[in-house]
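Asker: Below are the structure tokens for one structure; questions will follow.
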């Protein structure tokens, strides 16, 4: 019995395997991108990437338009975490990392730590950390190998000029804004690069879909 033979448009192997490799790159960026690959298997690759690209573009526009709202939300987030600083060790580590990395203290200044029951300056506060700040607010002495976890004790009872000697007096919100401004080119370049990769992937995926449809039509 003779088999069925036909001549028609063939799927490009290079495009097919390049799409597969492109999908693996996204998968390596996180578990979330694995979902893209699974959806790609159900022939929705280009559609889904288009949606992702549109959402990223929308997020970028909204971030620019509502930057003041975003700053307020960041302030709200930091202050809420200051209140709960001693309640959760993971949260405590997050705040300490943020303050050390940005060389800041509180949302807009060290006095934001009055929101915490252990660090506030009220007369009724029996805590040894009263009128202090966490060690992550302290300026670092390069000669010190071991962190002095008590370096922030009583520091807010000192004058503003004296505080500058011991702790970072700038808040984390303005420090984050400054970092964004200083690294705007890098941040924009990363997002543009990701967007271009996605557009390239959309074009290749659409080409692959067209090849598959052409093969199916020739049956």
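Even glycines carry a Cβ here, placed using N, Cα and C.
Here's the feature list from TrEMBL:
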{"type": "TRANSMEM", "residues": "20-41", "note": "transmembrane segment"}
{"type": "TRANSMEM", "residues": "47-66", "note": "transmembrane segment"}
{"type": "DISULFID", "residues": "104-137", "note": "disulfide bond"}
{"type": "DISULFID", "residues": "105-121", "note": "disulfide bond"}
{"type": "TRANSMEM", "residues": "184-209", "note": "transmembrane segment"}
Asker: Using all protein chains in view, find how many other C-beta atoms are within 10 Å of the C-beta of residue 105 (disulfide bond).
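Answerer: Other Cβ atoms within 10 Å of residue 105 (disulfide bond): 28.
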Asker: Taking just the CA atoms, what is the gap between residue 104 (disulfide bond) and residue 121 (disulfide bond) in Å?
Answerer: 20
Asker: For the disulfide-bonded residues listed here (104, 121, 137), which one has the lowest count of neighbouring CB atoms within 10 Å of its own CB?
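Answerer: Candidates: the disulfide-bonded residues 104, 121, 137. Fewest Cβ atoms within 10 Å: 121.
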